[in-house]
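Copied over from TrEMBL:
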TRANSMEM  74-93  transmembrane segment
TRANSMEM  100-121  transmembrane segment
TRANSMEM  141-170  transmembrane segment
TRANSMEM  182-199  transmembrane segment
TRANSMEM  205-225  transmembrane segment
TRANSMEM  232-249  transmembrane segment
Amino acid sequence: MSAVDLLIAAGVALLAGGINSIAGGGSLILFPTLVGLGLGTVQANVTNSIAQWPGYVGGVLGFRAEYAGQRGRLVRFGATAVVGGTAGSILLLTTPSEAFDAVVPVLVFLASVLLAFQPLITRRLRTREDGGRTGDPVWLYVALFLATVYGGYFGGALGVILVGVLGLGLGRLKLANAMKSAISLVTATVTVVVFGIWADVAWEYVAVCAPASLLGGFLGAKVATRIPSTPLRVLIVTFGVAVSVYLFLRS
């Protein structure tokens, strides 16, 4: 890799961090960029996962007030995310790279579709918000486990999936968003540990992408209220669909 490659990766990571703060879907531009810079799909996936970890920390800090009185729920959801994220990470590392090459175009396409329908999901959840539930249904933990398995394996648009699941299970959209950030952080932390120890990580890219992603997330949060998310979402979805087609033809 050259200095130009590292500069390109850092620039895209900065953009991805901002996109995650504004509309979500940053992985849909950083992952294919790493592939385009010469990394294999599995190596690009694990490198992308580790590089974007700092951005999740900022998301959790932003929701600190929402976690008041939620310690028990955070522990239960966090434990579910540890098991699911570990399972997904191990699944990625123990299946042949050819299998990931075959499935990743589908995952990128589905993540793009989910991102496209995110506003509709959010509106539907807002209309059914009741806030009166005191217990969490069993199906919610099953759904969170499956979602975090996906998060450990690939993770694109994981936040959209979690908001949908948590919104239905908790009935409070703001709490669902806060829990989404916490679960995403736990899942990402698990993948950092598993991939950092056992995976083939391009650490040179992590070294430039991780701080760039953190800075992008910070800047994105600052300007999120002034940048219309819809045009940005359309661009990301279009790019994601194009990438899925490219990866399909490439595989």
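Cβ atoms here come from the backbone N, Cα and C positions, even for glycine.
Tertiary neighbourhood of the transmembrane segment (205-225): same-chain residues 1, 6-7, 9-22, 26, 30, 34, 37, 39, 47-48, 50-55, 57-59, 62, selected by CB-CB distance under 8 Å and a gap of 6+ residues from either end. By the Cβ criterion (distance under 8 Å, sequence gap of 6 or more), the transmembrane segment (232-249) is not counted as touching the transmembrane segment (74-93), fewer than 3 such pairs being found.
Annotation: stretch 141-170 has the most Cβ pairs under 8 Å to the transmembrane segment (100-121), among 74-93, 141-170, 182-199.
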